[in-house]
Amino acid sequence: MDASSLVKRGSSTHYANLPYGYYVLGVIVFYTIFLIVMRWLIPSRYTKVSPWKNKLLQSIRTASPCFHMPLLLLLVFVPFIHKYSLVAYISLYLKRLGRLSYVLVILNVLLTLRPANPILGYHYLDLIPLHKWLSRFVTVIGIIHGIGFIVKWSLDPKVSMISKATKLFNFIGVIAFVPLFILMFASVRIWRRYSYRSFYVIHQLGQWAMVFLVPIHARPRVTVPYFFILLALYIWRGISYIYYSTTVNVTQRVKDDTSLTYVKLDRSAIRDWLPGSHLRLSKYKKKNPLYWLMPTQPYTIASLPDESQIDLIIRENLTPYVVVGEYTVVDVYSTVPPSLLYDSQRVAIVVGGSGISFGLSIFKYLQTRNLDYLKFIWLIREREDMHILNHCNFETNDLEVYVTRSLPPDDTQTKSMNANGSSEFDDIDFELETMDESGALLTNDSKSPSLVHFGRRLDWQVDLAQFIESHALQNSWLVCCGPESLLTDGERYAKQNYCNFVKEFYDI
């Protein structure tokens with residue numbers, strides 16, 4: 001009687017996880033609609049409500065993991081333990097973790113569609129932080145699923161762990177488990193910075209193994225509808241990798257023994273793009289398997305679509321990625337809100353180092369619109385980096401450069417908005433030329449900035465004193481590109497002054 005009872009219990013729970021899988025799929029549908037609606041309803045700039053409400057609203061609108069990951073965890077785990085005892089039915093809940101991990105891959109792939117996300121209406125880079133945290137969560141619960149069964153089989157004297165793990169369907173699960181387990185360590189920030197290429201390859205192999213092997217491993221099957229949804233998303237991604245890609249020639253590369261490199265690409269092969277757009281370059285042809293396996297390199301286009309060339313301004317490692325030759329442009333995508341380009345009236349652009357590539361094309365486009373206020377500030381380490389301006393076709397009247405040599409290592413560090421005291425100057429020796437009353441170098445060269453500040457940090461309140469007008473906040477934009485410290489200062493300034501804010505992270 002006990003044996004028949006056990007058989008009955010086992011058979012009755014075989015399909016017990018199917019409703020939960022459908023529930024998680026419903027959560028994904030609801031969450032997708034939530035993302036779209038919140039992006040449309042919540043204004044992009046801080047408004048004059050309480051600071052915590054502003055912070056909450058922007059966290060929702062920008063898909064910040066700080067808000068969205070707890071929301072997702074709450075939605076998927078509230079009904080996780082239901083009807084069956086956790087202790088008595090541990091196998092059921094381990095299987096449920098595996099099913100949860102697989103179904104959430106649908107959302108994770110959805111977040112990474114590019115060049116622009118056609119479903120959610122976000123820019124590709126907007127969703128990268130959420131994608132990273134969701135990937136970690138999916139990986140961890142997938143690993144818990146695998147390790148949980150290994151421990152269970154090891155502790156059960158009635159079964160052999162080896163024989164269980166080497167059964168066909170279970171062994172396929174083990175194969176899918178291995179790259180996920182390695183990925184958990186390879187995704188650590190230290191390793192990613194040390195060898196992003198190896199991390200990316202492991203990431204690709206891990207996701208392919210999970211998407212295509214788990215449908216064979218899982219019982220009951222996850223083929224319908226989950227695998228077919230993922231297959232459709234992968235086909236969409238594959239088509240975009242082919243349709244949007246094109247071959248391009250790098251025709252010129254100028255280094256000039258400085259930290260910044262100017263690269264010129266042939267214009268004819270690239271479709272039109274918006275100012276501030278990025279492109280991703282691959283060394284491989286589309287027919288080469290490495291095209292699909294190896295990471296691409298993102299660069300920002302510093303020129304406008306109506307120019308005869310494509311300009312890139314990059315900071316390279318010892319081994320340059322881009323040399324004169326042939327490359328594949330995987331896609332071209334924009335992260336700039338259209339309202340900045342078409343509706344703005346007052347714009348301040350603050351960039352550091354190679355971040356000039358992001359700000360430059362926006363600046364050149366806005367120069368054609370006759371705005372009420374336009375200022376472009378570029379923070380660099382060395383005066384010699386200004387050689388880049390000789391290759392860029394634009395009016396430098398509204399450009400100011402801050403040469404920060406002999407200041408702290410972060411070449412784009414700015415003066416805190418809460419700090420008191422005078423700006424710091426170093427002992428840079430330079431030829432005495434015409435200077436304004438603050439000590440800034442005045443130039444008349446059409447290829448030189450209107451003002452060059454030596455050894456001085458940017459003081460947001462002083463140097464942007466004419467930027468903010470209370471009656472024009474809706475159409476006022478602060479654009480920042482550079483390292484985290486610059487973006488943090490810029491975002492703080494935008495919050496305090498209730499203007500629109502666009503940021504782009506460059507680890508320069």
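Including glycine, each Cβ sits where the backbone N, Cα and C put it.
These features come from Swiss-Prot:
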- 18-38: transmembrane segment (TRANSMEM)
- 70-90: transmembrane segment (TRANSMEM)
- 97-214: domain 'Ferric oxidoreductase' (DOMAIN)
- 100-120: transmembrane segment (TRANSMEM)
- 137-157: transmembrane segment (TRANSMEM)
- 168-188: transmembrane segment (TRANSMEM)
- 198-218: transmembrane segment (TRANSMEM)
- 222-242: transmembrane segment (TRANSMEM)
- 241-361: domain 'FAD-binding FR-type' (DOMAIN)
- 347-367: transmembrane segment (TRANSMEM)
Chain residues outside the transmembrane segment (168-188) and at least six past its termini with a C-beta under 8 angstroms from it: 135-136, 139-140, 142-143, 146, 149, 198-199, 202-203, 205-206, 209-210, 213-214, 216-217, 219
Beyond the flanks of the transmembrane segment (347-367) by 6 or more, those residues with Cβ under 8 Å of it: 259-260, 275-277, 299-304, 311-315, 336, 340-341, 373-381, 385, 388, 392-395, 398-399, 411-412, 458, 464, 467, 476-483, 486, 490, 504, 506, 508
Considering the transmembrane segment (222-242), which listed stretch of 18-38, 70-90, 100-120, 137-157 counts the most C-beta pairs under 8 Å: 100-120
Number of helical, extended and coil residues in the domain 'FAD-binding FR-type' (241-361), per DSSP: 21 helix, 49 strand, 51 coil
The domain 'Ferric oxidoreductase' (97-214) - residue tally per DSSP class, helix then strand then coil: 96 helix, 2 strand, 20 coil
Candidate ranges 18-38, 70-90, 100-120, 137-157 - greatest C-beta contact count to the transmembrane segment (198-218) (under 8 angstroms): 100-120
Stretch with greatest number of CB pairs under 8 Å, the transmembrane segment (100-120) reference, 18-38, 70-90, 137-157 candidates: 18-38
Same-chain residue ranges lying at least 6 outside the transmembrane segment (18-38) that approach it to Cβ under 8 Å: 60-61, 63, 71-72, 75-76, 79-80, 82, 96, 99-100, 103-104, 106-107, 110, 119-122, 220, 222, 225-226
